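**Student:** Provided herewith is a single structure, encoded as structure tokens, for subsequent inquiry.
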Amino acid sequence: MAIQTSNLGYPRIGLQREWKKTLEAFWSNKINEEQFLTTMKEIRLQHVKVQQEKGIELIPIGDFTYYDHVLDTAYMLGFIPSRFSEFTSYLDVYFAMARGSKDHVASEMTKWFNTNYHYIVPEYEEGLQISLKDNRPLRLYEEAKQELGVDGKPVILGPYTFLKLAKGYTQEQFATILKQLVAPYVQLLSELHAAGAQIIQVDEPIFASLTKEEVQQAKEIYEAIRKEVPNATLLLQTYFDSVEENYEEIITFPVSSIGLDFVHGKEGNLNAISKYGFPADKTLAVGCIDGRNIWRADLDEVLTLFTTLQKQVQTKDLIVQPSCSLLHTPIDKTEETHLSTELFDALAFANQKLEELVLTHSALTQGTESISNELETYRNVHHTIRSSAARNREDVKAARTALKEEDFSRPLPFEKRYELQQVALKLPLLPTTTIGSFPQTTEVRQTRKEWRNGIISNEQYEQFIEKETEKWIRYQEEIGLDVLVHGEFERTDMVEYFGERLAGFSFTKNGWVQSYGSRCVKPPVIYGDVAFINGMTIKETVYAQSLTEKVVKGMLTGPVTILNWSFVRNDIPRKEVSYQIALALRHEIELLESSGIRVIQVDEPALREGMPLKEKDWDAYITWAVQSFLLATSSVANETQIHTHMCYSNFEDIVDAIRALDADVISIETSRSHGEFIDTLKHTTYEKGIGLGVYDIHSPRVPSKDEMYKIVEQSLQVCDPKYFWINPDCGLKTRRTEEVIPALEHMVQAAKDARSLLKTNA
């Protein structure tokens with residue numbers, strides 16, 4: 001039996017975020033197209049070279065992108081909306097689809113399954129000519145071969161997942177469009193095979209959550225492709241969960257290899273293999289190293305997995321690989337020497353995970369004695385972090401044990417609370433507000449950097465933050481907003497900021513991962529028990545409130561979002577970590593309230609993304625996610641108004657969960673998803689305060705008043721005006737001042753027009 005090492009995908013952003021910087025330099029016209037393409041090629045080849053040097057045998061090619069791999073596939077197959085037809089060059093079309101332009105609305109963006117990565121949603125239009133517009137995987141395969149002598153493994157997004165992620169067609173059209181994808185995929189695979197590709201990875205992550213009928217439909221497409229390309233060696237790759245429910249059918253697909261996730265889908269996939277075996281004529285690609293977290297693998301557990309598999313599987317060959325693409329992990333931990341030894345030793349970023357694959361391969365091919373020293377090191381590291389004082393706090397354990405049922409609910413029901421809040425807050429019909437953050441200008445970022453580097457004092461930094469806060473309080477008053485925010489100028493990131501002020505968190509210097517486009521985030525590391533230390537937002541919020549007679553809302557990030565946007569310890573259930581965060585936030589909310597803050601927003605944009613892929617697992621997750629929010633927010637007085645915010649989700653799946661949060665007001669992204677949540681509300685009722693975002697903040701274009709008014713008008717057809725709020729889709733941190741002010745002025749004017757119409761019709 002041959003055993004090979006493989007990787008499913010490598011982080012794109014570069015060790016020092018060179019990829020991000022190159023993109024942004026190109027967008028701002030600081031470099032030309034030739035310089036852009038040259039630099040991107042250098043980064044791309046460097047990533048291949050690193051994997052080659054680490055000892056990976058099957059190196060992914062084509063996982064690199066200028067923005068998003070789903071967008072790459074859409075462009076490649078000709079899924080280009082007609083509104084972009086005036087653009088002629090590849091990059092102009094590509095980036096217009098991703099980012100929009102002054103006159104063109106960008107394609108929708110949403111979460112990649114249950115991760116914090118966003119993809120550009122492919123759009124189908126009637127009359128679309130589906131064809132292989134550009135065989136990008138072939139070009140990149142030949143590039144790696146010619147430049148580095150690497151016979152790589154092309155990686156493509158599979159036809160079924162691609163079309164399932166697309167929008168713009170009816171369910172009745174799906175089968176027809178799916179068949180139209182056969183020809184371009186046949187051409188793509190034929191050309192790769194003819195060029196010498198030994199194995200081609202076809203990603204089908206959606207296979208973890210398909211019905212029996214859908215799997216059969218997918219199989220027919222693969223049979224049609226195989227008929228035309230009989231000799232190509234295809235690796236059907238699944239990840240993010242098991243394919244247990246459809247395993248028996250999936251192993252009959254006409255492919256040479258099947259990749260399964262034995263980290264996040266371990267139990268289900270092992271159960272399926274135990275029940276149905278594995279085809280002797282296929283290669284099993286074993287996802288055994290976690291591609292979504294940053295902890296060292298338990299190599300003893302990994303080797304036990306292979307022992308189990310080798311007893312049950314008479315497979316042709318084995319492939320040792322991560323559970324999914326390493327896109328979701330930082331690149332290398334070597335710069336994180338500021339961390340404690342016990343934490344540093346416990347980490348494994350992308351490059352370290354490649355080393356773990358090679359260690360596993362050595363143990364499997366040469367015996368465990370060949371890595372005996374490494375195994376002993378790993379065991380010691382795991383023992384040290386498990387027994388750490390940071391993971392065994394008695395006060396945190398006691399607080400969790402003391403929780404009672406009444407800690408998870410507000411004293412009065414929503415209708416009675418809202419009446420009291422209206423009396424206390426004296427807000428107009430259709431109140432306007434923003435989601436929280438205002439532009440983080442170059443000056444803001446530079447001043448924060450100088451403060452962190454000790455160039456300016458704490459006092460100077462605080463004075464600067466107060467100056468920015470006052471400036472934007474005045475802007476908001478002049479614009480005419482009803483509920484103001486302080487602007488969050490002191491915050492780098494909505495999760496990092498809180499993590500820096502809570503026990504149990506640690507932070508990397510260079511642990512960046514891609515969120516969307518050039519936007520990178522540096523998730524906190526939750527390594528110990530989480531606990532409140534001191535007030536985190538009191539000073540800035542109270543100062544902002546002192547500057548105005550209008551209501552200023554406190555701004556917090558919710559427990560589930562902090563959890564889902566962090567790298568989380570893996571020694572206790574995520575539910576328990578979420579409850580720890582909720583208890584810490586509960587303390588902060590009580591301090592805000594006692595300081596005179598009457599509206600407090602607790603953002604949960606990541607609540608939906610944490611849901612398991614399989615519907616059967618949803619209830620358990622939603623129960624503890626909702627309970628976490630309630631635990632954080634339920635101790636305030638009835639007169640205190642609790643807001644929350646969500647963005648980029650398939651909300652129809654969680655309307656009941658949103659209702660169960662019992663927030664007085666929820667604001668939801670609406671504009672970029674082209675009003676999908678409005679459609680959801682046509683089929684269900686939502687009886688609490690709600691604001692459906694009226695403009696897309698991820699695009700630089702300033703929408704007109706009429707565009708926003710149209711969304712307000714549509715929203716009021718399904719929402720009670722008494723409970724309706726008007727707000728942007730999301731925070732305005734990444735936009736420029738000259739974009740924000742006119743957009744908010746248009747929004748306020750749209751609100752005034754809507755109020756006038758309601759009064760006229762009353």
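Cβ coordinates come from backbone N, Cα and C, glycine included.
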**Student:** Write down the one residue from Glu669, Glu676, Glu707, Glu713 that Swiss-Prot lists together with His645, Cys647, Cys730 as binding Zn(2+).
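**Tutor:** For the Zn(2+) site that includes His645, Cys647, Cys730, Swiss-Prot also lists Glu669.
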**Student:** Let me know which member of Asp317, Asp332, Asp603, Asp617 Swiss-Prot also records as binding L-methionine at the site of Ile435, Gly436, Ser437, Glu488.
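**Tutor:** Matched candidate out of Asp317, Asp332, Asp603, Asp617, per Swiss-Prot for L-methionine with Ile435, Gly436, Ser437, Glu488: Asp603.
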**Student:** Check Swiss-Prot for me: it has Arg17, Glu18, Trp19, Lys20, Lys111, Arg519, Cys520, Glu609 binding 5-methyltetrahydropteroyltri-L-glutamate, so pick out which one of Trp472, Trp565, Trp624 it puts in that same site.
**Tutor:** Trp565
**Student:** Just to be sure I understand: of Trp19, Glu669, His698, Cys730, which recorded positions have a C-alpha no more than 10 angstroms from the C-alpha of Ser437 (L-methionine binding site)?
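**Tutor:** Near Ser437 (L-methionine binding site) by Cα: Cys730.
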**Student:** Are any of Trp19, Cys647, Cys730 (the binding-site residues) within 10 Å of Gly436 (L-methionine binding site) when you go C-alpha to C-alpha, and if so which?
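**Tutor:** The binding-site residues close to Gly436 (L-methionine binding site) (Cα within 10 Å), listed in sequence order, are Cys730.
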**Student:** Among the recorded positions Arg17, Lys111, His645, His698, which residue has the largest number of other Cβ atoms within 10 Å of its own Cβ?
**Tutor:** His645
**Student:** If you measure C-alpha to C-alpha, which of Trp19, Ile435, Glu488, Cys730 (binding-site residues) come within 10 angstroms of His698 (active site, proton donor)?
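**Tutor:** Candidates kept after distance check: Cys730.
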**Student:** Where Glu488 (L-methionine binding site) and Cys730 (Zn(2+) binding site) are concerned, what is their Cα separation in Å, rounded?
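**Tutor:** Between the alpha carbons of Glu488 (L-methionine binding site) and Cys730 (Zn(2+) binding site) there are 13 Å.
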**Student:** Taking the centroid of the Cβ atoms of Ile435, Gly436, Ser437, Glu488, Asp603 (L-homocysteine site), which other same-chain residues have Cβ within 8 Å of it?
**Tutor:** Thr434, Val485, Met494, Met555, Gln601, His645, Cys730, Gly731, Lys733
**Student:** Could you give the maximum C-alpha to C-alpha distance in Å for the residues Ile435, Gly436, Ser437, Glu488, Asp603 that bind L-homocysteine per the record?
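**Tutor:** The two farthest binding residues have Cα atoms 13 Å apart.
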**Student:** Are there residues of the same chain, six or more positions away from Cys520 (5-methyltetrahydropteroyltri-L-glutamate binding site), whose CB falls under 8 angstroms from its CB, and which are they?
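**Tutor:** Correct list: Ile13, Arg17, Lys20, Trp512, Val513, Gln514.
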